[in-house]
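Visitor: Would you mind keeping the following structure in view while I ask a few things?
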Amino acid sequence: MPLPEPSEQEGESVKAGQEPSPKPGTDVIPAAPRKPREFSKLVLLTASDQDEDGVGSKPQEVHCVLSLEMAGPATLASTLQILPVEEQGGVVQPALEMPEQKCSKLDAAAPQSLEFLRTPFGGRLLVLESFLYKQEKAVGDKVYWKCRQHAELGCRGRAITRGLRATVMRGHCHAPDEQGLEARRQREKLPSLALPEGLGEPQGPEGPGGRVEEPLEGVGPWQCPEEPEPTPGLVLSKPALEEEEAPRALSLLSLPPKKRSILGLGQARPLEFLRTCYGGSFLVHESFLYKREKAVGDKVYWTCRDHALHGCRSRAITQGQRVTVMRGHCHQPDMEGLEARRQQEKAVETLQAGQDGPGSQVDTLLRGVDSLLYRRGPGPLTLTRPRPRKRAKVEDQELPTQPEAPDEHQDMDADPGGPEFLKTPLGGSFLVYESFLYRREKAAGEKVYWTCRDQARMGCRSRAITQGRRVTVMRGHCHPPDLGGLEALRQREKRPNTAQRGSPGGPEFLKTPLGGSFLVYESFLYRREKAAGEKVYWTCRDQARMGCRSRAITQGRRVMVMRRHCHPPDLGGLEALRQREHFPNLAQWDSPDPLRPLEFLRTSLGGRFLVHESFLYRKEKAAGEKVYWMCRDQARLGCRSRAITQGHRIMVMRSHCHQPDLAGLEALRQRERLPTTAQQEDPEKIQVQLCFKTCSPESQQIYGDIKDVRLDGESQ
């Protein structure tokens, strides 16, 4: 109900037992200002000995909501007074017909609760005037917010919240996204997200027990992040316990997600994990498989298993028993594959537990289940088991004391070596399974992991694991088998001499113009790349120029070629290298005739040019006694000619693609001769010339002209 003004209180009489109000004209010294306390509600009691019809009745109580933050200083300084009963009739006595209307006027002045929406990461967004703000920082009781479109649109909108107050600092450079905001609000109203886990089904507007739950004051409509649904066995069965848990869960909603007690939300369903073929773990959530990405503290980050296959961007974060899914999936869950993995997990656990001995019914039914082949191709799911002969050999190794059956002898004769392996040209091994070739990746204990040989070339994701004589294939191939290449490897395996190619005297090598070595094999030239132990690795000489990917490996006198060439051999260049090899004077200059001294010319920057056959070379580098030169027109004309000098010897590597610049060479030679002519002149004459060149015109008139000085100098 409205309070009387201070001016009206001065003229009214006070209640017995209170000090009289000061008279008009008297100075009133207010008390020291105090920090106003925040009261959610003020209760005003009116004492009256009359009932509704004037007969005595109990005092009535009227609840009025006041926000002391919005009140003025006069209201805060004044004291709430209770008027005497005699004067209450027309002033203080509330109208019983409309108590709610008078209270609503005060409610309108009170600040409304701020609206918050949850983010997929468990945070919250502030909603002000249909704009979304994300939290930037918090200093004391102030929370600073910036526009959600700050990074995308460069919006500089800012807001500061303090309690229930919100202050907007800067305007926005864009219109509010009404549709996106409404979509977020609709998402907030989903029944599955209304309450945290462990509270059973949502109960609508009425709480447990039929009571209407009042909304929490000062708490926006943001909920906790998505939680896993509780199992039916964990739902509370007694209604009394549900009535006790519901208010506590509602009170937890007023806390930020990081400060909510996990114990207060009840126990969650344990997470489901499945083992990967590499010994890792898959997270199973809503029939989707997630593979582990990283762990930060107690949080583990997961990505969808089909991220690379379908480009799915779904992510999940686990913290203890809580799961938060960040984005939705762009595909349907693979129910058949998930069920196959679950069966495989159960079978492996049963076999490892060893509850039933070998040869029992369970062992017969689950034999080889750990080698299930899970094919993720476009066709239906196929589950196959290894051949009985492989299992029989494992039993022979594990139980050597048991007698062997005749059929087991036949199986061993049919497959005496287990899985088929072929040697690679580098000395490694290929696994052959169903006409597909697998390259060894790593070994962990008794297990050896293999990848498809065409993984890099065709992006095949098929994997295989061998454990003893057992083979487990993880994924199907995206290509048909290379029967021709497989047959070539088998033929090479049968004829080892073909792998040890080369002449009886060893491989042929030719010296490079720079002093290195070329490997010659089948008229192709290979450049040395690196050496590892006894093996030397070579690459095709035309790799950079023609993109040839052929490789060769030499080990002693053995030569192994990895890939074919994409070009014919350069017979002319090979013959030129062989001719140079036969004439050592071209490379070493060991002729008995005296060597002619090399010609050098100075550059304008103080360097040197090498002159050879009227061509100019610029110095590139020096290594020991050798100096390497490149053609001066390399940048201008793209000439690739090179030269090497060692003492007075010179060796040219490549020919020039242009004619020599005779005019430029002659100009450089003339410039080389000019300083010698100038040095032969009189030094005093040179100094006088330089002095007169730098003198002012007035000085030149006094001392004469430059020509006169030259004449005088010549006459002297």
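Here the Cβ of each residue, glycine as well, is placed from N, Cα and C on the backbone.
So Swiss-Prot lists these for the protein:
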{"type": "REGION", "residues": "1-35", "note": "region 'Disordered'"}
{"type": "MOD_RES", "residues": "Ser21", "note": "phosphoserine"}
{"type": "ZN_FING", "residues": "116-174", "note": "zinc finger"}
{"type": "CROSSLNK", "residues": "Lys134", "note": "SUMO2 cross-link"}
{"type": "REGION", "residues": "191-231", "note": "region 'Disordered'"}
{"type": "COMPBIAS", "residues": "195-204", "note": "compositional bias 'Low complexity'"}
{"type": "MOD_RES", "residues": "Ser261", "note": "phosphoserine"}
{"type": "ZN_FING", "residues": "273-331", "note": "zinc finger"}
{"type": "MOD_RES", "residues": "Ser371", "note": "phosphoserine"}
{"type": "REGION", "residues": "377-421", "note": "region 'Disordered'"}
{"type": "CROSSLNK", "residues": "Lys393", "note": "SUMO2 cross-link"}
{"type": "ZN_FING", "residues": "421-479", "note": "zinc finger"}
{"type": "MOD_RES", "residues": "Ser503", "note": "phosphoserine"}
{"type": "ZN_FING", "residues": "509-567", "note": "zinc finger"}
{"type": "MOD_RES", "residues": "Ser591", "note": "phosphoserine"}
{"type": "ZN_FING", "residues": "600-658", "note": "zinc finger"}
{"type": "CROSSLNK", "residues": "Lys685", "note": "SUMO2 cross-link"}
{"type": "MOD_RES", "residues": "Ser696", "note": "phosphoserine"}
Visitor: Based on Cβ pairs under 8 Å, which of the stretches 116-174, 421-479, 509-567 lies most in contact with the zinc finger (600-658)?
Guide: 509-567
Visitor: Counting by DSSP secondary structure, give me helix, strand and coil numbers for the zinc finger (421-479).
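Guide: So the counts come to 4 helix, 32 strand, 23 coil.
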Visitor: Could you tell me whether the zinc finger (116-174) and the zinc finger (421-479) are in contact, taking contact to mean 3+ Cβ pairs under 8 Å with a sequence separation of 6 or more?
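Guide: By the criterion, they do not touch.
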Visitor: Can you tell me the mean pLDDT for the zinc finger (509-567)?
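Guide: Overall, the zinc finger (509-567) comes to a mean pLDDT of 87.
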Visitor: As a quick check of your reading of DSSP, tell me how many residues in the zinc finger (116-174) are helical, how many are strand and how many are coil.
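Guide: Going through the zinc finger (116-174) residue by residue, I get 4 helix, 32 strand, 23 coil.
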Visitor: Including all protein chains displayed, how many Cβ atoms other than that of Lys134 (SUMO2 cross-link) lie within 10 Å of its Cβ?
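Guide: Its Cβ shell of radius 10 Å holds 16 other Cβ atoms.
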Visitor: Go ahead and report the DSSP secondary structure tallies for the zinc finger (509-567): helix first, then strand, then coil.
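Guide: DSSP classes over the zinc finger (509-567) add up to 4 helix, 32 strand, 23 coil.
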